[in-house]
Structures are given as structure tokens and as C-alpha cells.
Amino acid sequence: MDYYRKYTAAILAILCVCLHDLQSFPDREYTMQGCPECKLKENKLFSMLGDPIYQCAGCCFSQAYPTPARSKKTMLVPKNITSEASCCVAKAFTKVTVKGNVRVENHTECHCSTCYYHKS
């Protein structure tokens, strides 16, 4: 019985070391947890029609925390959880016409800014 405990403890220790090593290399996509950083990514659908079209994609900051009692009193509809977030949006873009008459935005620079779709 003691032999199995030592064996299990050794396996768990090796597993923890391996997981720590994998998380130490954030530049590799297969080891990344969650979402990649905010940056330009080619839109394959619109790029098939000619010149490459880029869009901003990735993650920025977000957090949720309990709403303070003082703030809850001033809310029209009190909520227990308050959240803050910033989204990956285009800092600069150019309007491009593809396939004759379809106008799209070709993003040229990205940054983390206010999430407009969260506003009501």
C-alpha cells in the first residue's frame, strides 16, 4: 500500500513539473490558455476576392466582481455582479471595395478599448 502512495506522489510531482513547463512558453499557440492577444488577423473570406483584408481579433482585459452595496442602491435594476471589459477594436482602418460593390473595413492597427456592444 505504501508503495502505491509513493508511486502516485511521484507521478503527480512529474505531472506538475511538466504542466508548469508547458505554461512557461506563452508564445506557442498550443500552450496558450484562453484567447490570443489583440492583433491583426487575415479575413480569409474577403481575402479570397483579391487583396488581403485584415480584421482585429483577440482578447483584452475583463473582470467581474461583486457590486458594492453603495453602488447597488443607485441602480435602477440592482445587480449582484459588476463587470468591466475592454475589447480588441480597430485603431485605424481603410474602407475597401471588394467584388465590385461590397465595402468593407480593412483594419490597419488594433488596440484594446471600450466594448461598445456591452453598453445599453
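Note: Cβ is positioned from N, Cα and C throughout, glycine not excepted.
Pulled from Swiss-Prot, these are the features on record:
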- Cys35-Cys59: disulfide bond (DISULFID)
- Cys38-Cys88: disulfide bond (DISULFID)
- Cys56-Cys110: disulfide bond (DISULFID)
- Cys60-Cys112: disulfide bond (DISULFID)
- Cys87-Cys115: disulfide bond (DISULFID)
- Asn80: N-linked glycosylation site (CARBOHYD)
- Asn106: N-linked glycosylation site (CARBOHYD)
- 1-24: signal peptide (SIGNAL)
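All features noted in Swiss-Prot, drawn onto the structure.
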residue	record	DSSP (3 states)
Cys35	disulfide bond	coil
Cys56	disulfide bond	strand
Asn80	N-linked glycosylation site	coil
Cys87	disulfide bond	strand
Asn106	N-linked glycosylation site	strand
Cys112	disulfide bond	strand
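Considering only the disulfide-bonded residues Cys56, Cys60, the Cβ with the fewest other Cβ atoms within 10 Å is that of Cys60.
Here the candidates are the disulfide-bonded residues Cys38, Cys60, Cys112, Cys115, and by Cα distance the one nearest Asn80 (N-linked glycosylation site) turns out to be Cys115. Of all the disulfide-bonded residues listed (Cys35, Cys59, Cys110, Cys112, Cys115), Cys110 sits in the most crowded Cβ setting, with the most other Cβ atoms within 10 Å. Using CA atoms as reference points, the disulfide-bonded residues Cys88, Cys110, Cys112, Cys115 were checked against Cys35 (disulfide bond), and the closest is Cys88.
Within 10 Å of Cys59 (disulfide bond), as judged by C-alpha distances, the recorded positions found are Cys88, Cys112; the full candidate list was Cys88, Asn106, Cys110, Cys112.
Among the disulfide-bonded residues Cys87, Cys88, the residue whose Cβ has the fewest other Cβ atoms within 10 Å is Cys87. Asn106 (N-linked glycosylation site) sits 9 Å from Cys56 (disulfide bond), taking the C-alpha atoms as the reference points. Neighbour counts of Cβ atoms within 10 Å were compared for the glycosylation sites Asn80, Asn106, and the top value is held by Asn106. For the pair Cys60 (disulfide bond) and Cys38 (disulfide bond), the Cα-Cα distance reads 6 Å. In this structure the C-alpha atoms belonging to Cys112 (disulfide bond) and Cys87 (disulfide bond) are separated by 5 Å. Here the Cα atom of Cys110 (disulfide bond) is found 10 Å from that of Cys87 (disulfide bond). Counting only the Cα atoms, the space from Cys87 (disulfide bond) to Cys38 (disulfide bond) is about 8 angstrom. Looking at Cys38 (disulfide bond) and Cys56 (disulfide bond), their Cα atoms lie 7 Å from each other.
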